[in-house]
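Step one of this worksheet: look at the structure below.
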Amino acid sequence: AESGAPRAGLHKMAAAAAEAAAEEQKRLPQRDPESGGDSDDEGDSDSSGDGEDEEKENEAEIQRLEEQLSINAFDYNCHLDLIKLLRQEGELVKLRRARQKMSELFPLTEEIWLDWLKDEIKMASEISEREKVYELFERAVKDYICPEIWLEYAQYSIGGIGQEGGIERVRAIFERALTAVGLHVTKGTALWEAYREFENAILETAQPAPGSVPAPEQQQVLCSQLDKIHTLFRRQLGIPLLDMEASYAEYEEWSEEPIPEATIKNYKKALQQLEKYKPYEEALLGAETPKLAEYQAYIDFEMKAGDPARIQLIYERALAENCLVPDLWARYNHYLDRQLKVKELVLSAHDRAVRNCPWTVGLWIRYLLAMERHRVEHSSISEMFEKALNAGFIQATDYVEIWQAYLDYLRRRVDFTQDSSKELEELRSAFARAVEYLKQEVEERFSESGDPSCTIMQNWARVEARLCNNMQKARELWDNIMTKGNAKYANMWLEYYNLERAHGDTQHCRKALHRAVQCTSDYPEHVCEVLLTLERIEGTLEDWDAAVQKTENRLARVNEQRAKAAEKEAALAKQEEEKAEQRKQARAEKKASKKAKRARTGDKRKAEEEDEGEWGQEEDLYFHYLELPSKRHRGEGDGELPEEDMEVETGLFGRSAPEKADGAANPKEKASASRKDMPKVLHDSSKDKVTVFVSNLSYSMAEPEAKLRELFGGCGEVAEIRPVFSNKGTFRGYCYVQFQEEESALRALALDRTAVEGRPMFVSPCVDKNKNPDFKVFRYSTTLEKHKLFISGLPFSCTKEELEELCKAHGNVKDIRLVTNRAGKPKGLAYVEYENEAQASQAVLKMDGLTVKDHVIKVMISNPPLRRGPEAGRAPQAGRAPLASRHLFGARGKGRTQLSMMPRALQRQSNPVAKAENGMVQNSPATSSEPPAEPKKMSNADFAKMLLKK
């Protein structure tokens, strides 16, 4: 076809492609080789100073980025910034070198490849340069399956049809593109159309001149070309693609012959399939990034259909948008390993997985297994393992896992029928290197080896004993294991005993068990039982007697130690109970004292009012106040008022507030008084779905109902707001907001932690915990989150915007949460969430120990400690129980937000057990049978002396 067809049309196509490339070349920033600056007349103008300054700043920034990459070559964002600056400055040689380095470390995104390819196309004029562009395209299509890159590749290849074999090369590229992305429901049509346009252009060049009769050879070329276009139409119409109807109509118009029945049948079948695909495509179109749930649903659908080509395509589409999701790569590679098993395809996917997510050890392990499964050369597998060691895992245990996977591979290479071999020596050398690597490299970085049980050394010992028949080396290894703090565990001794039992002798078994009986501290009874069983089966009478005596002595010591520990624990528990009783008595006496003092204050006030002749109304109000039903607290009498009400009535120091005349009464007091007689409204649990619970509001809020109706009015129609008041009519800081519709209640949850009168308002679902005991409002994760950082030591003045500005230099920040107390005051802590684990790890390396406003911050991966109840903690030390109790429960045994106004120096004196100067222990006031004496008044000098003694 190439030799017989006229080439005028083909040369026109090639000329058009070359002209387009030349136009793009003109748009590329040019550098003056003489001066090194832009070849622009404005360089000689008066405004050139600003341009020179900007150029110097860019050059300095380029130098800084290059130095940073020399320190850490895996800084993805640094690569992007450098490429952007070099492209802006027109530094083409440096730009090409920077892109090359980045592509060696990471798969490049579609946008980066297209920019690179377009820049190279502009500069490629010679045939040799065009071949380099072809090589670049080949690298680009291997990173991700992108329709746009394939289409650009095919269109660029059309510019070379004038060369020998050019047409066949274009066709080969188009066919590969259709194999890769021709099934793409939304973007595949563009490739099919471009392929048909190319073949139609060739058909035009093969047409005879007007008025002439085509020769037989020319007629044959025309028929062959028409068949190619017919075949393309029929192939396309059998695939479910968007706008299939337009393609079918175009075929009807183009074809001079009726469309075959088989083609119509395939077309209708593809239309039916398209209807099944449309919901998934529409879900992807309407979803927000990262669309993982939508892609997973699409993948599940394709897996049920079972078409390998379509399954591969949907996985590749999902990975193009979620290339930093390790689980997605793992599922894709698992499918390729188990189903397709095509070597090039499998290894390419594994390679892209570890380049995208190098911090995930599981992907590296699967890659090594795949390379071994497809019989890749040993040198390549070893090289890949070395890359894995340099990948920068974020946990010490990850290094143990990758070493174990590599050692397993080396073990499978060894022929153990031979006494010695090169593979066996390499395996032993690798075991020794692994132990040393964990001890030196890993411990230095993580302060732990990641292998406390010495599993690698255990496996080494098993290989030596079972496969190499070298029990002497196995014993040396186990002796080394026991010296690393494992001698106190029974399971470690029994592992060694079982190895000796299988491959050693009875003498070493007996020796190991005797040492185990002496050293084991967790399950000594089990070890003693194993020793007695051994002697019962194989030992002499002397051996039996020695074993019985050793086990009896050991168990006697163990029982004695346990009895002492139990006594000590019981004594501590009893001491805690006594101290709790003393604190309870002290609280009761303190309340009684406050009550008596308040009563005396009330008598004095009544006497004054009686002298003024205006005592009647006040007296009625006072006695009405005393007769109010009170909320009973632990340790209070039946007739006592709640502590909260006592503090409001008598103030912080027991003095009553000055009274006001009726005309000057506080409006808030009037509102409180008006709420006393309001009937209580019980909560209707049947309306929980349309109700939210609002808490942490200010107690001093004057009109909570009006305030909250204004706040929640934007969420939907508010049916009712039920603030909760105390028996005195004061607002208790929480309420229920009931809406007309459930959607309004869901929208109201978005107002959680909104600042209201200087405090963060808490908004949570209204759930009856009696019916749903497992419901928890707490929304933040309490497990390891590798993509989230925990930052401590921040200055209290640090804002969210300032922290975001600091963190975004190391990756894309998704969320920042500054930790505050219930009053909304910052605590100097923050959580920063990045898009992926790599960015978080980079931020830890760069930000830990950084100084922010004269504060040195600490940055680490978020891994909150397990939440433990008070009973799970350690027993407090003797003499420190009161302080520990105050620290946990507050000054009055309640929430920590209730502050104690007593100085800490005096709190330490409240210890009921105090030592006198002569060494005798005095009775505490709380335990004495005599009534408590009135505390002696102390002057400022007395306070100073006391504090100086401390």
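Heads up, residue numbers simply count up from 1 along the chain you see.
Every residue gets a Cβ built from N, Cα and C, even glycine.
The feature region 'Disordered' is assigned by TrEMBL to 1-61 (among others).
Look at TrEMBL and you will find 23-34 (among others) tagged as compositional bias 'Basic and acidic residues'.
Positions annotated as compositional bias 'Acidic residues' by TrEMBL: 35-58.
What TrEMBL lists as region 'Disordered' is 566-614 (among others).
DSSP assignment over the compositional bias 'Basic and acidic residues' (566-591) gives 26 helix, 0 strand, 0 coil. The feature compositional bias 'Basic and acidic residues' is assigned by TrEMBL to 566-591 (among others).
Here TrEMBL flags 654-681 (among others) as region 'Disordered'.
Taken from TrEMBL, the feature compositional bias 'Basic and acidic residues' covers 657-681 (among others).
Annotation source TrEMBL lists domain 'RRM' at 690-768 (among others).
Mean predicted confidence for the domain 'RRM' (787-864): the pLDDT average there is 86. For 787-864 (among others), the entry in TrEMBL reads domain 'RRM'.
Summarising the annotation, TrEMBL assigns region 'Disordered' to 905-950 (among others).
Each residue in the domain 'RRM' (787-864) gets a DSSP state, and the totals come to 22 helix, 32 strand, 24 coil. For the domain 'RRM' (690-768), the DSSP counts in helix, strand and coil order read 23 helix, 32 strand, 24 coil.
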